[in-house]
Amino acid sequence: MTRHLLKAEIHCHIEGAAPPVLAAKQADKYGVDTTGFLRDGAYVWNDFSEFLVCYDRVAALFRTDADYALLTESYLTELAGANTIYSEIIVSPDHGDRIGLGADAYLSGICEGIRRAGEKTGIEARIIVTGERHFGPDSVIAAAEYAARSQNPLVTGFNMAGEERMGRVADYARAFDIARDAGLGLTIHAGEVCGPFSVIDALDLVRPSRLGHGVRAVEDPELVARLRDLGTVLEVCPGSNVALNVYPDFHHHPLRRLHKEGVRVCLNSDDPPFFHTSLEREYEIASSVMGFSDAEINAMTRTAIEAAFVDEATRQRLLERLPDDTLAAQPRANQAQGLAVFRQPIKKRNINNRGRQF
Ligand SMILES: Nc1ncnc2[nH]cnc12
Ligand SMILES: [Zn+2]
């Protein structure tokens, strides 16, 4: 049982956290026919491409800042109910523009949801702005520019999600240069659908401190050693990988191998109701199916907080809440890395609020 364990996650897409019941209510409110993507209380898709289409159709049901406040508050409240103390949510201001709400109102709804959930439960949260790869480099650069301009203290990171098979990382590198120069923490979806080349591109061209997924790096032993030596944190989402058929089941999932090789890993839910999961279930699977001990799981939670895009005072406060066993249970290479790898000085912007950089 892992319910009692404190939890943290640094990889969940806000629209991907919408429960089907809430999506159905939103559809009623806006008179949208959902038969193509929501049936019998579950989202309908068959593969990664269809998942992305389904995701966009669900996202289109959230149209006002109040809708986003409700979605964010509900998700964070549910997380807090499962003993989660920290969450980073991935948001797409582009989407706010596309639906006519506007990026600022979109973001302000999400911030209101964070504020309300924090007030009620004490959960701490930050926002990672993402570009969507399948909308092309110009759109990802625009998302980075928006994040870089943002004076919002909750916006602390930049990501790229979407169709990993579209283009190469080089086409999008400028977006990450913009975000890096602005002092934002960097992470990128890589090695989820595509193989090791995608992770190598990400390391070479983006130099992120974290990778969204990154699990397919396991196919290249040299790359695994590189990740271990760099101390790059993999935001691993086992339920998502199995649901999307990257691996046939949890026994074939590489989390164990990566952990054993000394790669820094943590547990995340990605788009929980789309994948019939929750952060709580990810923790439970790590324990009961993959055989991680409570101390090893606590160490992964520690890794998430160490890698969080958050100011140092908040990080310390969160770390102090974790049990003492967490340091001992980290793989040896992790302990050797310590936190030093994240402590690179940041150019230009005072990033006191933005967390560690690579
Ligand atoms: N798992 C995922 N991979 C890539 N893009 C996404 N957008 C939402 N979920 C995603
Ligand atoms: Zn994701």
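Using the three backbone atoms N, Cα and C, a Cβ is placed for every residue, glycine included.
Close to Glu192 (active site, proton donor) in the fold, though at least 6 residues off in sequence, lie Glu164, Gly212, His213, Gly214, Val215, Arg216, Asn241, Leu244, Val246, each with a CB less than 8 Å from its CB. The DSSP secondary structure for Glu192 (active site, proton donor) is coil. The active site, proton donor annotation in TrEMBL covers Glu192.
Proximity of His189 (Zn(2+) binding site) to non-local residues of its own chain (separation of 6 or more, Cβ distance below 8 Å) is seen for Arg133, Asn159, Met160, Ala161, Gly162, Glu164, Leu211, Gly212, His213, given in sequence order. The Zn(2+) binding site annotation in TrEMBL covers His11, His13, His189, Asp270.
According to TrEMBL, the substrate binding site annotation covers Asp271. Counted within 10 Å of its Cβ, the other Cβ atoms near Asp271 (substrate binding site) come to 27, all protein chains included.
For 7-322, the entry in TrEMBL reads domain 'Adenosine deaminase'.
For Asp270 (Zn(2+) binding site), the Cβ neighbour count at a 10 Å cut-off comes to 30, with all displayed protein chains included. Around His13 (Zn(2+) binding site), the same-chain residues six or more apart in sequence whose CB sits under 8 Å from its CB are Tyr55, Ile89, Ile90, Val91, Thr130, Ala161, Asp270, Asp271, listed in sequence order. Taking Glu192, Asp270, Asp271 as the candidate recorded positions, the subset whose CB lies under 6 angstroms from any atom of ligand 2 consists of Asp270. In the shown protein chains, 30 other C-beta atoms lie within 10 A of the C-beta of His11 (Zn(2+) binding site). Other than His11, His13, His189, Asp270, the residues of this chain whose Cβ falls within 8 Å of the Cβ centroid of the Zn(2+) site are, in sequence order, Cys12, Gly16, Ile90, Asn159, Ala161, Gly212, His213, Glu235, Cys237, Ser240, Asn268, Asp271.
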